[in-house]
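Scroll down for the structure; my scribbles are underneath it.
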Amino acid sequence: MAKMGVELVLAYVAVLLAMASTVAFATDPTQLQDFCVGVNNPVEGVFVNGLFCLNPVQVTANDFLYKGLNIAGNTNNKQGSSVTLVDATNLSGLNTLGISIARLDFAPYGLIPPHTHPRATEILTVIEGTLYVGFVTSNSANGTNQLFAKVLNQGDVFVFPQGLIHFQLNIGKTAAVAISGLSSQNPGVILVANAVFGATPPISIDVLTKAFQVDNKVIQDLEAQF
């Protein structure tokens with residue numbers, strides 16, 4: 001009986017290990033680019049989902065250092081804003097660590113227009129100024145998209161869930177600065193208006209007039225902006 005009991009315990013442990021192993025490999029690794037089309041025989045080189053790794057014996061402290069986030073971005077543009085992103089492309093030590101950081105600069109009343117990060121959640125901290133920020137949920141059961149928005153002051157923190165459309169607007173008369181952390185070494189960004197009205201090649205005007213319920217002239221005027 002004692003031997004049977006030991007065998008049952010061992011069998012139970014084996015089942016648990018099998019279940020744990022199944023859970024551990026039940027999901028795919030996070031995407032680090034928009035797409036990675038598979039090939040069976042790469043004849044023109046290999047493009048990996050991320051970056052190749054430097055030999056550890058060649059790594060130095062400089063591989064984990066980025067200088068310059070104290071420098072304000074150029075906000076002399078239509079939107080009056082600038083984003084300085086530090087990701088794995090300009091801080092190689094971030095590769096495989098799943099994080100990045102950005103400095104957001106705003107001229108008075110400057111805007112970072114509605115956009116999404118397809119691969120990252122964003123957490124924003126206001127360093128200077130006053131921002132009006134918000135995000136919109138995906139379609140609910142009744143077809144609505146709820147807006148979650150707040151006015152943020154110095155030291156306030158706000159989170160934008162991964163993939164949801166969000167924005168940041170400086171509502172003050174002076175410049176504003178924020179720092180954002182992102183949960184990907186390559187978060188990606190899709191500016192909604194640019195993607196819809198500035199795609200290459202352009203989206204069919206028949207699609208856009210029907211989608212926005214406006215005439216051709218309105219779509220043409222919007223496309224001319226991009």
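Using N, Cα and C of the backbone, Cβ positions are placed for all residues, glycine too.
Positions annotated as signal peptide by TrEMBL: 1-26.
A sphere of 10 angstroms centred on the C-beta of C36 (disulfide bond) encloses 12 other C-beta atoms. Feature annotation from TrEMBL assigns disulfide bond to C36-C53.
Here TrEMBL flags 67-220 as domain 'Cupin type-1'.
The Mn(2+) binding site annotation in TrEMBL covers H115, H117, E122, H166. The local packing around H115 (Mn(2+) binding site), expressed as other Cβ atoms within 10 Å of its Cβ over all shown chains, amounts to 19.
Here TrEMBL flags H117, E122 as oxalate binding site. A sphere of 10 angstroms centred on the C-beta of H117 (Mn(2+) binding site) encloses 23 other C-beta atoms.
For the recorded Mn(2+) site, residues H115, H117, E122, H166 set the reference point as the centre of their Cβ atoms, and the other residues of that chain within 8 Å of it by Cβ are T116, A120, F135, F160, L164, I165, P187, V189. A distance of 25 Å separates the Cα atom of H117 (Mn(2+) binding site) from that of C53 (disulfide bond). Separating the Cα atoms of C53 (disulfide bond) and H115 (Mn(2+) binding site) is a whole-number distance of 31 Å.
Counting every protein chain shown, the number of other Cβ atoms lying within 10 Å of the Cβ of C53 (disulfide bond) is 11.
Sequence-distant contacts (6 or more apart, same chain, Cβ under 8 Å) of E122 (Mn(2+) binding site) comprise V159, F160, H166, S180, G181, L182, S183, P187.
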